[in-house]
Amino acid sequence: MKMRFKIIFTIFFVSQVSCTIFDQTGKGKCIPIDIELCKDLPYNYTYSQNPILHNDEHSLQTHTEHFKPLMKTKCHPHIHFFICSVFAPMCPTSFPQAVTSCRSVCEEVRADCVSILEEFGIGWPEPLNCAHFPDLPDLCMKPTDNDIIGQQQQSRQQSIGSQKPSGCPSDLIDIDPMDPKGQCAFGCTANVMFNTENKQTTRSWSIWIAAANSIIALFAFLTFSIDRKRFRFPERCVFYLSVCIFLSSLPYLFPLFIQPVLRSCHQLHNSHLAQNQQNLNLYLSIGSFDNLYCLSSFLLNYFFSTAASLWWLMFSFTLYLSGGRKWVPEGIEACSSYVHFVAWGFSSLATIVVLVFNKVDASELTALCSVGNLNSLALLWFVIIPRTVCLVLGSCFIIGGFASMCRERISFRQRGTDTSKLEKLMMKMGLFCALFIIPSVVEIVCQSYNFLILSQWIRATIDCKLQTGACHRPLPPQAEIYMIAIWASLSTGLSCMIWVFSAKTIGSWKNFIFCGMCSPAPSKSEPSSRPLLEPPTAPPPQPPVYMQMTTNPSQNSWRPSKVV
């Protein structure tokens, strides 16, 4: 069904013909449009003798491709129609001739789009010179806004009804309708993979768990801050770990202050559609940095969650150095710059790579931006693999450190040394490692399930325009597994509580509350530099034995001196 255009036909019988680029110099005929970018016009036939490049279809196709970037900017609602009317002018079958846009249409398009070309030092192209276009009352075309909206709605309905769709499904949004290989986006309020009940349940529970996780991590951070001399390496790594856990949990509290549309959605860059169909043209962010709330939630969540995994690795490494290699805290502190470089440097590098490759996307379930929500490969390379490597290496260092502790414990018992403090330290470290490793393993397993689901759903949703046939979607995923992954990532802050849950913490807070920030009195004896596992002291040395020397009276008799 062809769309109706408001086309002004006014034929003048005059002896002279106006000298424009659309003058008919010979008899031609109407032929189908072969230019790929102009096949979605409301007319299907163009004039065989093009006034610009005559009958060279290859040159017409090449010249049209040159204007494709300008079409993608959508600087004017009629930019696509205007450019196609120049290179593929309409040809009425009853009266074959080239009919292009009116001069008023050209002037409107030029006023909105010439600034884009001038930014790159390019002037308005000569083929689009408005002086060459006919004006009333000559024969020309002038589309209306209603025709443009009707054309887009008709193309969407045709893509739904055909078995081989040329666009996105009805519940998705086509970000670039002119790009046949472009991506489809999830609607901001659409239920594509999850229903409304799953979204509400996940977001409400995530707020409570994130709040508890943030409070615990913040308390651990403040405890370390008010009594930093009490915690040395490897315990000091927990100080930075608690900071990362606290900051990575903050985005899950955004729903208390920011609506889902503001924190995770974008709007199509089309001013007319934005005014008339505002709710229908909002889509979840995918590879864009226009939304500042989305970018901030990505930086907080991804950067600090990656840094938390690396600080866990640094904790296990310094524990191995202290317990297995008998490094003193001063020796580890001397190399602390390398520890900070690994933890903060690699997390910054991963964040920069994600931003460079535009892999930031929003989650339909939580309405928060991170990595791997709508891209399976990004989930694999930026989330699953790095965290698995950190967890495996950290576990190896933990096993090595605990094995050395067990050997020292057996050696101490054989020598009759008290091992109660060592056993208490081993129990505290074991509980801390268990509270961090178990949620991390659960999260990685659930993210692996998410990777398998995304591999199937991307082909049927986001990359639907690349498929040769209809996009058949798989079964909906298990929302409970996604919820477990989110809640497991928000429960690692409980491990930090192990290091501050003691009577010394109560004493530190008492001194801080009642004495303020005053520094404590200097101790009489400075603490000695000792490793984590100190070998038993040797027995005190025996006093020296003085042998009594016997003398011979005959040999030691007094003799007179020869010196007078």
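Each residue, glycine too, has its Cβ placed from N, Cα and C.
Annotation comment: TrEMBL describes CYS30-CYS91 (among others) as disulfide bond.
Annotated disulfide bond per TrEMBL: CYS38-CYS84 (among others), in sequence order.
As annotated by TrEMBL, disulfide bond applies to CYS75-CYS113 (among others). Applying an 8 A CB threshold to same-chain residues 6+ apart, the list for CYS113 (disulfide bond) reads LEU70, THR73, CYS75, HIS76, ILE79.
Sequence-distant contacts (6 or more apart, same chain, Cβ under 8 Å) of CYS130 (disulfide bond) comprise ARG103, CYS106, GLU107, ARG110. What TrEMBL lists as disulfide bond is CYS106-CYS130 (among others).
Under the heading transmembrane segment, TrEMBL lists 205-226 (among others).
Marked as transmembrane segment by TrEMBL: 238-258 (among others).
Residues annotated as transmembrane segment in TrEMBL: 299-321 (among others).
For 341-358 (among others), the entry in TrEMBL reads transmembrane segment. Counting same-chain residues at least six beyond the ends of the transmembrane segment (341-358), those with a Cβ under 8 angstroms from any Cβ of the stretch are 240, 287-289, 298-299, 302-304, 306-307, 310-311, 313-314, 371, 378, 382, 386.
Taken from TrEMBL, the feature transmembrane segment applies to 378-404 (among others).
Per TrEMBL, the feature transmembrane segment maps to 425-445 (among others).
Residues or ranges marked as transmembrane segment by TrEMBL: 481-501 (among others). Only residues 6 or more beyond the boundaries of the transmembrane segment (481-501), in the same chain, are considered here, and those with a CB under 8 A from a CB of the stretch are 194, 198, 201-202, 205-206, 209-210, 212-214, 216-217, 219-220, 223-224, 231, 235, 238, 241-242, 245-246, 249, 252, 305, 308, 365-366, 428, 431-433, 435-436, 439-440, 442-443, 446-447, 449-450.
Marked as region 'Disordered' by TrEMBL: 522-564.
Here TrEMBL flags 533-544 as compositional bias 'Pro residues'.
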Request  = Could you name the stretch, out of 205-226, 299-321, 425-445, with the greatest number of CB pairs under 8 A to the transmembrane segment (238-258)?
outcome  = 205-226
Site of maximum Cβ density within 10 Å, from disulfide-bonded residues CYS30, CYS38, CYS84, CYS91 = CYS84
Task = Give the distance between the Cα atoms of CYS38 (disulfide bond) and CYS30 (disulfide bond), rounded to the nearest whole Å.
result = 15
Query = What else in the chain is close to the transmembrane segment (205-226), if you only count residues 6 or more beyond its ends and a Cβ gap under 8 Å?
reply = 236, 238-239, 242-243, 245-246, 249-250, 252-253, 255-256, 366, 483, 486-487, 490-494, 496-497, 499-500, 505, 508-509, 512
Query = Out of these disulfide-bonded residues, CYS75, CYS106, which one has the fewest other C-beta atoms within 10 Å of its own C-beta?
reply = CYS75
Query = Can you tell me how far the Cα of CYS84 (disulfide bond) sits from the Cα of CYS91 (disulfide bond), in Å?
reply = 13
